[in-house]
Amino acid sequence: MDDLKELEYLSLVSKVASEIRNHTGIDDNTLAEFIINLHDQSKNYDEFKNNVLSCGGEFTDSFLQNISRLIKEIKPKDDIPTDNVNNGSNSVNGASHDLDSKDVDKQHQRKMFPGLSIPNSTNNLRDRPALMDNAMDELEELSTLAKTRRNDRDSRRDERHYLNGIRERRERSISPSFSHHSRTSISGQSHSSRSSRGPLLNAPTLYGIYSGVVSGIKDFGAFVTLDGFRKRTDGLVHISNIQLNGRLDHPSEAVSYGQPVFVKVIRIDESAKRISLSMKEVNQVTGEDLNPDQVSRSTKKGSGANAIPLSAQNSEIGHVNPLETFTSNGRKRLTSPEIWELQQLAASGAISATDIPELNDGFNTNNAAEINPEDDEDVEIELREEEPGFLAGQTKVSLKLSPIKVVKAPDGSLSRAAMQGQILANDRREIRQKEAKLKSEQEMEKQDLSLSWQDTMSNPQDRKFAQDVRDSAARQLTSETPSWRQATRNANISYGKRTTLSMKEQREGLPVFKLRKQFLEAVSKNQILVLLGETGSGKTTQITQYLAEEGYTSDSKMIGCTQPRRVAAMSVAKRVAEEVGCRVGEEVGYTIRFEDKTSRMTQIKYMTDGMLQRECLVDPLLSKYSVIILDEAHERTVATDVLFGLLKGTVLKRPDLKLIVTSATLDAERFSSYFYKCPIFTIPGRSYPVEIMYTKQPEADYLDAALMTVMQIHLSEGPGDILVFLTGQEEIDTSCEILYERSKMLGDSIPELVILPVYSALPSEIQSRIFEPAPPGGRKVVIATNIAETSLTIDGIYYVVDPGFVKQSCFDPKLGMDSLIVTPISQAQARQRSGRAGRTGPGKCYRLYTESAYRNEMLPSPIPEIQRQNLSHTILMLKAMGINDLLNFDFMDPPPAQTMIAALQNLYALSALDDEGLLTPLGRKMADFPMEPQLSKVLITSVELGCSEEMLSIIAMLSVPNIWSRPREKQQEADRQRAQFANPESDHLTLLNVYTTWKMNRCSDNWCYEHYIQARGMRRAEDVRKQLIRLMDRYRHPVVSCGRKRELILRALCSGYFTNVAKRDSHEGCYKTIVENAPVYMHPSGVLFGKAAEWVIYHELIQTSKEYMHTVSTVNPKWLVEVAPTFFKFANANQVSKTKKNLKVLPLYNRFEKPDEWRISKQRKGGR
């Protein structure tokens, strides 16, 4: 075997051993080689399976298939027999194709980014009963297997002795439940060693060396039971103290249960009775101390009364027990001069040292700095520059790649108009604030406050300060509801369009009903079908019922239909249940994140695309379904794009599965070519000709141009309603106010104009008014976001005003930041908007941009979310499904390589991936929870720290987009109410205060209304919390409270969001992120706004006018090294840190002069 083949063979052994360790807990390369040898001796998969079972290897069928496939893919090709094992898995792409340009590009990318082309593995998560029924079923199964192995051990033939020897050596490293004999032998060894050493000890000493046995393994470290003590003495070896060199993703990589080890005591916490140990400072063969200088330093005592060590430097700083509890008694740590004064008083006998706990806590230990984590000294931390092993040399290459262009022409007229629109919006906001301030000052001038102060007989309550009266006037002024909103609210509450037709007549009146027979024939003849139908044609509500009536729900199968939004899944399920004549959850149900309304009777199931993706994690073949419908596929969410690739392979493995992809836009040809050129079934909609008009010159202020166009249509055009597309709530509210004032100025000389806003924050009863017809002789104008492009069908619209902009979120992988920016729409969106005018009759579309801009500055189709969003959660799900080769995964539009590299780096930093890019045990736990990886890590860590009760509430509140209600007309009053719940150090704890107070008030809606909190959001948070508690119970995670020890909560947050850390830069007046050194700012709505917090973590970064940090909390920088020792490190005190290198020395100058006025180059030279 030459060197290359030998390296390939070693890689194969490592992969197989990793799979065995993840599946059984056994870490043994010899066992892996033995299984590879069995595979080589087998002619097919069945023979290989029988050989393994005959040797006592009781593995699941899917696990053996995975091992077989790994051997076939990685083993040197010359060594694999031509008729070797076939694991039964079909190729996702079917027949092989000739290399084309796309294949050449993929080969080039595979060379550049080998970390993105790791071989796939079989989905082992689906074999874990924890995901389908109960987490304890797996443990019971393992226990049964262990008993069977012990009973059959003595009756095996001689040829099995090799494997038996391996098992007997390794059973001690799995868990106590696998073998009682191994535990007895370990105990016997320890007793014999104790008796040979002499008398038993009472307690360990600091920096002492002891032998012990590993008694427990957790994600954060290993527990060791020390030998030679009268009472059982346990200590914790943190994961950072196990191995001297290299990074450990999990302690099980270096130690195993029952393993004898040598440890060194590095810290003793007498109050909490906890001992911190270290293995890396002890030679594990001889027991020799590798750091003896530490012991000598600890023995040097001072000659003073308090016996302070002369060299009390903490050489083990940062290695703190994760289970350590923080005291929150609010005591202030004494400064050095105060301590010196107390020492002198105690030495003179004036006071007793025992009466001063601060003095005792700080100086009655051998290492004061270690006991007090809240040191006053300035802590400098740095990033570790080591790259993950599987991404070595790839991270810097990815940063040089150009990102996906969200804007086609950055210098075009549309881009300039978008930037100008932001400036004008800020100007309008400042004008409103100045007007409110001016009116409050005018109210002040009408009152004479001096009279009540001069009159000695006046009531003290009448004596007011000018600032209080000014604030009260401003609150009263802003608390008044605008006239346009009052006109909207004064109307009768509506719950949608009323009809006198029966349910049957309504169904038969839909366009899809006429094509029922043709549609069912197309489904029966084709496995995959693309369905093209306009919004309102009935495709979402009717085709599921047609399929159920045709018999596709027989044999206990279901019809699944995905929706891009959870609100759509709930509302459609309720409508279909009403048409079927059942309750939601019976024959018709829905499943969204944290809510499942299905039962054994369910035949039609609506769900979000993310929930179907999680079902693919458990059951890749989707055996419960006979038909899968991907509805609203044109929206191209991240989950929908992932489902495209997954289901494209599933239909090849399941010929009986039907796949229907629906779209409301004209891009069905692309879907058809992607899904093996499947046929397209078109449902003709109600469409009429639309006249499209462009502007001759680009508009500088698109908002003002839109409002002028609305008034022009209202005054000069015929009857018909108007639909205006704007970008967000602020623009819509401003437009409604301006239109109302203009129509009010014209008085009764013009017909009535009903102004109706539509955006997600509005109550549903107000949104429903858009479906009601306009009053006789009047006209309604609907001002909406892009939700009205495809998701809504409004009758009576004859005129559409399209400024050509949309607000969308874009992820920057370099900064790890989401930017909410206004961008030009695509040509497909422009066509969709103009089509809204031709649903009822011939209409007109006013495009407020030039025809040249439409052709040259707009992209043909919108950028899919998968190319502009953070992919950490998506890649974690794909890894859990066994999909490691991200470059060869069949994406319709592949995401940028730098976005995938950034996601892999993030998962590696969270310890969800190991050095080979495969899932760790912690990563598998994180995949169990339907939330972002950071939140999953925070929740798992909170269980270990004992604050999971509070963390569940915080995570539930974070899952709601925004719980605060801040109407523009009552902003100051809303801010005043919000300040009642503020925690001065944390937005996260502020959310916890809101939830706790809401529960104390019995979840009252009136309480929410009084405190400007969205009751619907609070109820949603409560539902999320209940579902999370069910998941915690399923996986046997305890839910415990930390009481008043709120530092534990902040530390748990650090464990997941340590990459989102920023430090205050006093020179530039902002914060700098530690990872990228990018300037970011505190959002004005946060409790830390205007405060001098030094170190903070943030939940997310959103770019609007600036890069703002949202949901921020203060942290101790030492926690960062403790929770992420492989990501952060303390800066070398003997060298200048990178942070200090970036600091600038700014000289003092006259504050009345301009900056840099002191420079010689800025001085004007006088003439002679």
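Residue numbers in this text run from 1 along the chain shown.
A Cβ is built for glycine as well, from the same backbone N, Cα and C atoms used for every other residue.
According to Swiss-Prot, the feature region 'Disordered' maps to 77-100 (among others).
The annotation compositional bias 'Low complexity' is assigned in Swiss-Prot to 84-94 (among others).
Marked as region 'Disordered' by Swiss-Prot: 144-197 (among others).
Here Swiss-Prot flags 149-173 as compositional bias 'Basic and acidic residues'.
Residues annotated as compositional bias 'Low complexity' in Swiss-Prot: 184-197 (among others).
What Swiss-Prot lists as domain 'S1 motif' is 207-280, and the listing cites sequence analysis.
The annotation region 'Disordered' is assigned in Swiss-Prot to 287-314 (among others).
Annotation comment: Swiss-Prot describes 520-684 as domain 'Helicase ATP-binding', evidence class sequence analysis.
According to Swiss-Prot, the ATP binding site annotation covers Gly533, Glu534, Thr535, Gly536, Ser537, Gly538, Lys539, Thr540, on the basis of sequence analysis. Packing around Glu534 (ATP binding site) is summarised by its Cβ count: 20 other Cβ atoms lie within 10 angstroms of its Cβ, all protein chains included.
Sequence-distant contacts of the motif 'DEAH box' (631-634) (same chain, six or more residues past either end, CB-CB distance under 8 Å): 539-540, 561-564, 568, 640, 661-665, 667, 671, 790-791. Per Swiss-Prot, the feature motif 'DEAH box' maps to 631-634.
The feature domain 'Helicase C-terminal' is assigned by Swiss-Prot to 702-882.
The Cβ of Gly538 (ATP binding site) lies under 8 Å from the Cβ of Arg507, Leu510, Pro511, Val512, Phe513, Ile683, each of these being in the same chain and 6 or more residues away along the sequence. Mapped onto three states, the DSSP output places Gly533 (ATP binding site) in strand. For Thr535 (ATP binding site), the count of additional Cβ atoms within 10 Å of its Cβ stands at 21 [all protein chains shown]. Taking the mean position of the Cβ atoms of Gly533, Glu534, Thr535, Gly536, Ser537, Gly538, Lys539, Thr540 as the ATP site, the remaining same-chain residues with a Cβ inside 8 Å of that point are Leu510, Pro511, Val512, Ala664, Ile683, Gly685, Thr793. Cβ neighbour count for Thr540 (ATP binding site) (all protein chains, 10 Å cutoff from its Cβ): 23. For Lys539 (ATP binding site), the count of additional Cβ atoms within 10 Å of its Cβ stands at 26 [all protein chains shown]. When other Cβ atoms within 10 Å of the Cβ of Gly533 (ATP binding site) are tallied across all protein chains shown, the result is 22. Taking Cβ-Cβ distances under 8 Å and a sequence gap of 6 or more within the same chain, the neighbours of Ser537 (ATP binding site) are Leu510, Pro511, Val512, Ile683, Gly685. Around Gly536 (ATP binding site), a 10 Å sphere centred on its CB holds 18 further CB atoms from the protein chains shown.
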